[in-house]
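*Asks:* I have a structure I would like to understand better, so I am pasting it below and will then ask my questions one at a time.
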Protein chains: 2
Amino acid sequence: MNDSQPLSESTHIELPDVWDQLDEIVKAGESEAAINFLNALPPGEEARILAQLSLDEQQAFLKLLDGEHAAWLMETLPELQAAQLLSSLSPEQAAHIVDEMNSDEQVDLLDQLPEEQSEKILEVMNPEEAENVRFLSKYTSLCAGGLMITELLSFEESQTVDDVVSDLRQNAERYAEYNVQYIYVINHDLQLVGVLRLRDLLMAPPGKRLSSLMIPSPLCVPDSTSLQELQHFFDSHPLFGLPVVDEANVLVGVVRREDVEEAGEEQAGKTFLRFAGIMGGEELRSLPLKIRSARRLSWLSINIVLNIVAASVIAMYEDTLSSVIALAVFLPIVSDMSGCTGNQAIAVSTRELVLGVIRPRDWIYVFKKEFALGMVNGLALGLLLGIVAYIWKGNAYLGLVIGGALAANTLMAVCLGALIPMVLKGFKLDPALASGPILTTITDMCGFFLVLSFAQAFLPLLT
Amino acid sequence: MNDSQPLSESTHIELPDVWDQLDEIVKAGESEAAINFLNALPPGEEARILAQLSLDEQQAFLKLLDGEHAAWLMETLPELQAAQLLSSLSPEQAAHIVDEMNSDEQVDLLDQLPEEQSEKILEVMNPEEAENVRFLSKYTSLCAGGLMITELLSFEESQTVDDVVSDLRQNAERYAEYNVQYIYVINHDLQLVGVLRLRDLLMAPPGKRLSSLMIPSPLCVPDSTSLQELQHFFDSHPLFGLPVVDEANVLVGVVRREDVEEAGEEQAGKTFLRFAGIMGGEELRSLPLKIRSARRLSWLSINIVLNIVAASVIAMYEDTLSSVIALAVFLPIVSDMSGCTGNQAIAVSTRELVLGVIRPRDWIYVFKKEFALGMVNGLALGLLLGIVAYIWKGNAYLGLVIGGALAANTLMAVCLGALIPMVLKGFKLDPALASGPILTTITDMCGFFLVLSFAQAFLPLLT
């Protein structure tokens with residue numbers, strides 16, 4: 001915090017230099033040099049420089065660091081890579097590092113490991129830390145319980161301002177790592193009864209009891225509250241943190257705005273990758289080839305089967321095709337364009353679902369909106385492609401067949417694209433991963449069918 | 001803040017009821033009923049219920065609200081819709097509402113309007129507020145200057161703890177709306193010289209001067225710092241806010257972690273939509289059909305032209321095609337699969353660029369990684385489709401032609417997909433919007449060419 005350098009003045013280190021330097025440090029085995037190296041990395045560049053090292057290099061480097069710096073390194077790396085690095089260490093080495101991390105990061109990281117392995121690490125960790133991790137890891141990561149931190153300040157309602165201030169003074173060191181925004185007031189049964197802002201403490205007479213100073217019955221959420229509900233909450237309330245209670249209204253933690261927004265951002269990134277067919281929504285190029293290839297292939301192999309199914313429609317019309325070979329030129333265009341128009345609608349629905357602007361049961365509203373748009377864009381695209389077909393072969397009927405098929409297929413693709421994510425969401429399935437393949441399979445089949453059956457009907461006029 | 005209802009207990013209101021209710025309120029023209037209605041909306045549902053109203057309905061409803069509630073309504077609606085609503089009002093009405101909003105939201109909203117219109121609103125706004133907006137709006141929205149708020153607490157270094165505490169007490173009402181995390185310490189020339197946490201004030205003797213209590217030379221950023229740099233900063237520093245200075249080191253505002261993360265999340269959502277071909281990265285179904293249709297069509301019409309260009313390769317091989325009509329079945333499959341594999345690589349590169357794990361100049365590293373993956377996945381997919389072709393027609397050479405073409409095209413699609421976003425980013429272009437069309441045009445052309453030229457070479461063996 002005492003660095004007067006403005007951020008943007010950080011010089012851009014050339015990568016090969018950095019890695020040569022790192023190589024030397026690792027070869028020399030100098031802990032001090034390693035720590036100096038870490039501290040000298042330009043802010044904002046650490047993740048990039050460290051993430052591009054191979055697992056072996058990361059391991060060799062990590063061995064030179066003390067627990068605190070090793071924990072910092074883990075927190076800086078993308079989660080997937082940190083977990084991989086951790087699992088390459090002995091349980092004792094891993095525990096030593098995890099002990100130094102914050103409660104929510106401990107849980108997130110250990111969650112990435114196979115249960116057997118994380119259990120071994122927990123066994124050799126500081127018992128108090130391990131117990132806290134076990135308590136937190138019973139929650140799934142995308143609910144209030146999974147996002148909350150347990151490092152909070154709570155006092156009983158019968159205590160006075162003076163009690164609090166002297167406790168703050170005495171434990172200043174322990175609280176140094178806490179992000180203190182509010183003080184939570186609890187009763188004898190540990191139930192949350194009030195909340196107090198730090199600034200209100202500043203202005204209150206020392207002898208006053210918390211019960212008369214606090215804001216009573218504060219907003220709070222059950223530990224099962226979903227990430228989406230939390231996002232909506234923080235969108236409409238200018239608060240930094242929100243206390244989390246269990247079924248008995250006992251205060252169990254605090255979920256902070258920053259953690260909710262970080263989780264939201266991560267989710268948005270994962271949605272984007274899943275939408276493009278990356279299983280699990282995460283891939284980094286530093287992962288082993290086997291894992292990367294398998295993650296992509298698993299989605300591709302489903303896709304190729306669906307593609308073959310869709311293209312089998314063409315096989316049924318081989319006669320029509322061989323009579324009007326020009327149709328073969330337009331089949332990929334119709335298939336591709338319907339995929340594009342449908343994907344736009346999928347993206348808008350997925351985004352509106354995430355924003356909370358629509359819910360699955362609003363499908364009539366969405367259908368009406370998309371139907372109108374599908375009519376307009378279908379006519380526009382159909383007209384365009386129809387004219388191209390007409391000009392190319394000088395046959396107006398060919399233009400009519402191609403244009404009509406594309407227009408009809410566009411209308412269908414737009415409506416389907418809008419509704420598929422809502423249906424999947426309604427069945428609690430993941431809209432991002434499955435919507436695309438479902439859409440393109442249907443639109444391809446219909447597109448091929450429309451072009452070829454229209455062509456068959458007009459066959460005498462086309463040749 | 002004094003609502004003891006846990007969030008998840010909020011009953012899900014049925015929409016038709018809500019809208020009937022709203023209809024009655026608007027018809028009766030009762031302001032009080034309108035405000036009660038707003039307050040009774042279940043938390044987290046406000047945006048959804050209000051965003052689905054038509055512009056006319058929103059306008060009629062807005063007229064019933066006082067400035068404060070109207071401002072709240074504006075902040076709840078998606079930005080695009082709020083701007084539309086605002087621009088439908090007279091400058092006086094609009095100014096009255098904008099006056100009640102926070103500085104960063106004022107700027108964001110007025111930024112969405114045509115300059116002429118926002119100028120008219122500024123002219124009739126509270127002069128002090130208007131001046132602040134003019135000052136803030138000289139910054140682009142995705143840099144520290146555009147993201148910062150100007151509501152902050154700053155004191156001169158010569159002042160004492162007591163001075164600060166009594167100022168806080170005196171102006172408690174004015175500061176009530178501030179998110180006070182830190183106190184900023186400035187010198188005579190308004191330059192930032194230190195920072196002080198609220199909790200440190202709590203523990204300090206009253207007579208102490210700020211200069212001896214503050215953390216000197218605090219971290220700060222120039223007002224031009226980019227969103228991405230800010231994201232990296234907050235990722236690696238557990239701070240709530242970061243002071244922003246101009247070229248003369250004068251303190252001009254504070255950029256808060258929450259605003260950076262909100263902006264990051266919004267960017268991620270827009271990237272996702274642009275990736276799917278929604279121009280501008282934003283579409284809500286409540287927008288007029290004309291705008292929605294035009295935004296989607298502008299991208300689609302570029303795409304269809306590119307598609308026609310790519311398909312013209314097929315037209316050059318009409319003879320080959322009519323000899324082996326089965327090829328027409330495989331052309332859409334090869335085109336579609338190469339699009340899929342390439343898009344995966346695009347998504348991973350786009351994501352890694354956003355995460356800061358790679359930079360445009362790391363292209364050799366990325367190319368090596370993708371080449372290896374392209375070999376593996378190309379062989380796997382080529383083998384699969386080749387076997388299907390062989391089984392279908394009982395001709396091993398057809399399998400070889402199709403499988404070989406898909407394998408080669410997959411390798412190319414993967415490498416291209418990985419590099420295109422990096423090249424675009426290197427030229428400061430938007431990778432999300434343009435990568436897809438560029439990729440599929442090239443891979444379609446190459447895919448068609450590979451299948452048909454291989455087929456032509458093996459023609460005697462295929463028939």
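Numbering starts at 1 and runs along the chain as it is shown here.
In case you wondered, yes, glycine gets a Cβ from its N, Cα and C as well.
A TrEMBL annotation is a machine prediction, not a hand-curated record.
Sequence annotations record features per position, and here TrEMBL assigns domain 'CBS' to A:148-212, A:214-271. Residues or ranges marked as transmembrane segment in TrEMBL: A:297-317, A:371-392, A:398-424, A:436-459.
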*Asks:* Using a Cβ cut-off of under 8 Å, list the residues of the same chain at least 6 residues beyond the transmembrane segment (A:398-424) that approach it.
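*Replies:* Answer is 324, 326, 330, 333-334, 337-339, 341-346, 348-350, 353, 358, 360, 362-363, 366-367, 369-371, 373-375, 377-379, 381-390, 430-432, 434-435, 438-439, 442-443, 446-447, 450-451, 454-455, 458, 462.
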*Asks:* Mean pLDDT over the domain 'CBS' (A:148-212): what is the value?
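*Replies:* Taking every residue of the domain 'CBS' (A:148-212) together, the mean pLDDT is 83.
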*Asks:* Please report, as numbers and ranges, the same-chain residues at least 6 past the borders of the transmembrane segment (A:297-317) whose CB is under 8 Å from any CB of it.
*Replies:* 277-279, 331, 335, 433, 437, 440-441, 444-445, 448-449, 452-453, 455-456
*Asks:* In the domain 'CBS' (A:214-271), how many residues does DSSP call helix, how many strand, and how many coil?
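*Replies:* For the domain 'CBS' (A:214-271), the helix, strand and coil counts are 25 helix, 17 strand, 16 coil.
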